[in-house]
Every structure is written in C-alpha cells, then in structure tokens.
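Written below as structure tokens is the structure these notes are about.
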Amino acid sequence: MMIILNAPRFMTNTRLASTRRLASSLLSQASLRSRQLNPLFTSSYSTRSSSLKDRLAELIPEKQAEIKKFRAEHGQDVIGEVTINQMYGGARGVRSLIWEGSVLDPNEGIRFRGYTIPECQKLLPSSPNGKQPLPESLFWLLVTGEIPTLSQVQALSADWAARSQLPKFVEELIDRCPPTLHPMAQFSLAVTALEHDSAFAKAYERGMNKHDYWKYEYEDCMDLIAKTVPIAGRIYRNLYRDGVVAPIQMDKDHSYNFANVLGFANNEEFVELMRLYLTIHADHEGGNVSAHTGHLVGSALSSPFLSMAASLNGLAGPLHGLANQEVLNFLITMKKEIGDDLSEETIKSYLWKLLNSGRVVPGYGHAVLRKTDPRYTAQREFALEHLPKDPMFQLVSRLYEIVPGVLTEHGKTKNPYPNVDSHSGVLLQYYGLKEQSFYTVLFGVSRTLGVASQLIWDRALGLPIERPKSFSTEALKKMVETK
C-alpha cells in the first residue's frame, strides 16, 4: 500500500490545488510532444507509472529479489583484498561500498546507470528551447535506471517547485548568519534545520514498519532537493547582493529556478549552463567524501536532512570541494604573467617553471580516471558554442592542448589529462557569477541529487548500519608477524 503524506503545513489549499492541476496538465499534454522532441528515446524509456514514487514501488520488490538471489549464490565470493598501504592511504581502491547510481570507468569516465555523459546528453529530456539535459531527468535515471519521458520530468519539476518553500524559521536562520560565515557553513546549517519537518524522523518516532522506510525517506529526499534551491539563493543574495530572493516559479524547471533565485535567469545561456552543471556534478560513485558521508550517516537511520548536511560538511573540505577555485586562481595568476601570449613556447615555459618548483598543474589528473574527464569535455563543448572568443577560455583551451604532453614528459603523473574542475570556474566567471567562495554551494546543490537517490535505495534495500573493522598500528604489526 502506498503512503500518501499530507501536504507541507506551509502550503495553502489553493496553492496545492493549483500545483496538482499543473502537474496533471503537464502529464497529459506532454506525452506526444516528448517523443517528437526526443526521437532518440528507445525502449529504455520509463513507460509504466508516471509518478516517480509509484515507479519505485514497482521496482523495489524486483531489486530486492534480484539482490537476495545474487547474495544467496555469491555471498561468500571474494572480490578483492586490502593492503596495509590502502589502510593508511584513505582506503583508496578498496572494494567495499554499494552505490547504484553511477560507476566510474578509468577510461570512459562516469556512467550514470550505465549511460555515459554523451549518451545522457542525447537521451535525457531537455527544455523545449535548450540542448542540455534537465537535472530532473538525471535524477529519475539515477533512481530508476530508466530514461524518463518529458512529461514525467515536467511533473517532477512541478513537484519540486511545490515543495520548495522554506519554513520561516529557516529563512530567519540564514538571514541572521554573519556575512563572515562561509556559505557552505550556512548551507549545512540550513539543511540541518530542515530536520524539524522530517517525515522520516517523525514516522520513526511514532513507530513504522521497516518496509515503509523508503516511502518516508523518499518524501524527505524530495523536500531536500527542492529546498536546496531557495536555501542557496538566499545565501547568495544575502552575502553578495541586496538580500532580495526571487520567488520560485511553479511552471519552471529546477535549473531555471536555481538561476532565478541567484539573479541570473534573464540569461538563457546561464540557465543552460546550470542544467549542464547540475547534471554532470550530481554523482560520481559512492567512495568520494560527500557521497560516502551521506551514505554512512544515513546508515544510522539519520534523516536525509542530517545525512546531507554531513555530506555538505565533507564537501566543504578543501581537498574535495575547492578544486575548481584553485584552478581558477591558477589561471588568473598565469594570465597576469603571460598576458595574451598563448604560444606553445610561452605556455610550456610557464608550466615547466611551475613543475620544477615542486608544484602541480591544478585541474589535471584524477584518482581513478586515466583519460580526459568527460565532464570536462561537456563543459568544453558548451564553451566552444557559447564563448569561443573569451580570453580565459582560450587559455583553458591552449592548456588542454599543451599540458598533457608536458606532464607526460615530466613523468610523475598517471593521468596527464584535465578533470572536471579544470573548466567550471571559467564558465561561471564569464556569466558574472564571480564569487569563488560560493562555488562549492553550487556543487552541493548538484551533489544532493546523487546522494538523495542512493539514500532512497539504502532504505528500500534495508542496508544495515556501516561498521567496518579498524586496527591499531600495533595490531597490524602483530598480524604481519604471525604470517
């Protein structure tokens, strides 16, 4: 039996009815149009239930049975081993996590439910006048493994818009933050405060069947995703603008509303950039700090709000979420020194000076990838179309041509190719979003999609609390000595 939760207390009956009519209209009117606009859609289309929650209710028993059978047949199979170096080295490469939404291939890059980024760009629905996938469509794919129809995506947009209003006390909490408090700290603070209205926490306190966990988790995850947009917008407008935040528009998509609350919706290219940005940054396997943290905290049955707040705190760390700022600072410094001279000789000279001083080239290399990051390629293609003559993009483009050869000759990197962070800062700067300290908030809004999709499945599959075994150095020495 499906559980239908009551509308949020802040939503008036009139607004709720209006939103339901909008979603119903979108579902009924857009089915044929989606096939006309997207001829590449194949049998992988989600063609059964039009509601994401209803579709999940159909898929979950199938997945549960699949995993039960798989574990019965292969539960004792060994898939890897752990070395002492891995234990001291951040558990890099240790095969120990379940993450359904994406898998990172060293050569092809990220695959979202089996689809590469170029495939997602071709298959996932876009806005009527746009080319980039709508992040809503990627979320549907991450959750179900299926390509949604345009009508399903538009209904999801309407649902998120309807859930987006913040409780008054959360707005006041953000407004009372000192301007010296980092935007990521404000973001985490506001998301934590949403725990006040957690459907999962309230249902758990009342007592609920464990088979119903996912239904309440789903409601919280949808509220979480919807509310990250006005939270981020309020933080940005308070810190860098006049404090006035545009209202969410019920008939617009997630990315448009995000651009709108930031104050950039009058530029359609920026809206398209946000669609691209939110899509390609949404998920990147489960072992990175933000993804793993969300999964770990959620395994204790903390609500999605508490889990995502912890995830954001991990993302705020300079080793995880600040890479694109470091790249941008590198590019700005380099541009000041070499000016408009983008000759191979000048750029190589600058790079060798950098490397010989013991520093690295920011934005190049990756812990897993061994080819150019397809997320970089997607941003490069966007820049080639919309800002080919921008001086900073031209510098990025020349580095793309020259750096791999220099790093290969240098011989100290396994991957001399650019990663996702090598490009995003230049794009944001071009369109006027110049406040670098806010860039990680953009990352967090996007990463919420990936973390939330897995949290739903964590509860649906009944995954237990995470509890790996730890050892002291002395205990490890004794283990080695007894061999």
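Cβ atoms are placed via backbone N, Cα and C, with glycine included.
So that you can see what the record holds, here are the features copied from Swiss-Prot:
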- His320: active site (ACT_SITE)
- His366: active site (ACT_SITE)
- Asp421: active site (ACT_SITE)
- 1-16: transit peptide (TRANSIT)
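Neighbour density for His366 (active site): within 10 A of its CB lie 21 other CB atoms from the protein chains shown. Neighbours of Asp421 (active site), defined as other CB atoms within 10 A of its CB across all chains, total 25.
For His320 (active site), the same-chain residues 6+ apart in sequence whose C-beta sits under 8 angstroms from its C-beta are Asn288, Val289, Ser290, Gly314.
In this structure, the C-alpha atom of Asp421 (active site) lies 10 angstrom from that of His366 (active site).
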